[in-house]
Amino acid sequence: MSKFVVGLTGGIGSGKTTVANLFAEEGICLVDADVVAREVVAPGTHGLNAIISHFGTEMLTASGELDRAKLRQRVFNDEQERQWLNQLLHPMIRQEMLLQVEKATSDYVIMVVPLLFENGLDRLVHRTLVVDISPELQISRTVQRDNVDATQVNNIINSQCSRSEKLARADDIIDNHGEISRLKREVHALHQRYLQLSGNHNAHD
């Protein structure tokens, strides 16, 4: 991969989107795994057609789009079906993300991936950046934002890579316990560092 890529990750409610948007304000292109995951199953795509032929048309909404909630429910307790779905979608998502990286026009690219380490996508990046907050804050922020109960959020946290493992595997860490002004300063400092690293990377490419 010719572009210098930073993999941005963090647990649910950690503030990944806020941090990603601050990098975008610095003029950096974002490749977001969640956005790509929706694009590969948009109406008319091979991804959606494969899901319909496997699970049936009941997986569609009235407007012909994928009913994500219904699909999630369908595969949640069925390991075999979940594996089938992952084997279909993960390579598509990965390929589309790499295409978007190559098309990016900024000096480096931020790849926003919630499950960067869990899905082995850290192998696609040159540097990893973890947005870190305490589990207590993760729960309170997500409950407020998504209007879900704390038990649900806790289950999601427990299904993801542990906080200590994420921090141990991170090249860079942003502590998101403070004010937005502090966050902006941290992002700006990292941006300068990544410009330097991408310059060295591009010079030796």
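Glycine is treated like the rest: Cβ placed from N, Cα and C.
As annotated by Swiss-Prot, ATP binding site applies to G13, S14, G15, K16, T17, T18, with the evidence given as sequence analysis. According to Swiss-Prot, the feature domain 'DPCK' maps to 5-201.
Listed in sequence order, the residues of the same chain lying 6 or more apart from T17 (ATP binding site) and placing their CB within less than 8 Å of its CB are V112. Long-range neighbours of G15 (ATP binding site) (same chain, six or more residues apart, CB within less than 8 Å of its CB): V131, I133, R141, N176, L183. Same-chain residues that are not part of G13, S14, G15, K16, T17, T18 yet have a Cβ within 8 Å of the Cβ center of the ATP site turn out to be G10, V19, V131, N176. The least crowded of the binding-site residues S14, T18, judged by other CB atoms within 10 A of its own CB, is T18.
The average pLDDT computed for the domain 'DPCK' (5-201) is 93.
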